[in-house]
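K.L.:
The structure is given below, and queries will be raised subsequently.
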């Protein structure tokens, strides 16, 4: 099967549902015979970007590195699923420009919903001051103004979110319907 490479970049607050959507989309794509790789922000931080902190500069470096790897894979015909908070709009635009074949997916859920879903207790630690610079609490998240797809995970089921991304990939001829 001939396939075009594309990076599908899922951005949103911690707990919004990026990883859940990524895994469901990964399964659907693999079951359909597509070659793909998943770059999860948490996994990347323990390997490729180990040693980086959470300053704006380090976060930008982290996203640039994920973008570089995504670009290499995309230009070689691989579908890349990136699941990363990527809180700053400017760096998301930079990697979009670098990669070219790029879909921005805004995984959108209200902060209160993300806090309710927080099994690691990170939001509570951020609110108590135990964690500093936590996105959405004391560090900004700049939502995309014009994403290719928006998934409202507080209002729609997982299958609907995956279906919206799938349909966009079909519409843009990255995959067959």
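Cβ coordinates come from backbone N, Cα and C, glycine included.
What Swiss-Prot shows for this protein is this:
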| type | residues | note |
| --- | --- | --- |
| BINDING | 12, 13, 14, 15, 16, 17, 18, 19 | ATP binding site |
| ACT_SITE | 86 | active site, phosphoserine intermediate |
K.L.:
From the Cα of the residue listed as 'active site, phosphoserine intermediate' across to the Cα of residue 13 (ATP binding site), what is the distance in angstrom?
P.N.:
9
K.L.:
For residue 17 (ATP binding site) and the residue listed as 'active site, phosphoserine intermediate', determine the Cα separation and express it in whole Å.
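P.N.:
Cα-Cα distance, residue 17 (ATP binding site) to the residue listed as 'active site, phosphoserine intermediate': 14 Å.
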K.L.:
In the structure shown, with every protein chain counted, which of the binding-site residues 12, 17 has the densest set of Cβ atoms within 10 angstroms of its Cβ?
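P.N.:
Sorting the candidates by Cβ neighbours within 10 Å, the top entry is 12.
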K.L.:
Please report the Cα separation of residue 15 (ATP binding site) and residue 86 (active site, phosphoserine intermediate) in Å, rounded to an integer.
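P.N.:
Roughly 13 Å, rounded to the nearest whole number.
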K.L.:
Going along the chain, which residues six or more apart from residue 16 (ATP binding site) have their CB under 8 A from its CB?
P.N.:
107, 108, 109, 113, 114, 153
K.L.:
Around the recorded ATP site, report the further residues of that chain (criterion: Cβ within 8 Å of the mean position of the Cβ atoms of 12, 13, 14, 15, 16, 17, 18, 19; site residues excluded), sequence-ordered.
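P.N.:
Sorted by sequence, the hits are 85, 107, 109, 114, 117, 153.
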K.L.:
Just counting, how many other CB atoms are there within 10 A of the CB of the residue listed as 'active site, phosphoserine intermediate'?
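P.N.:
Its Cβ shell of radius 10 Å holds 27 other Cβ atoms.
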K.L.:
Just to confirm: which same-chain residues, 6+ apart in sequence, have a Cβ under 8 Å from the Cβ of residue 19 (ATP binding site)?
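P.N.:
The list for residue 19 (ATP binding site) reads 40, 42, 83, given in order along the sequence.
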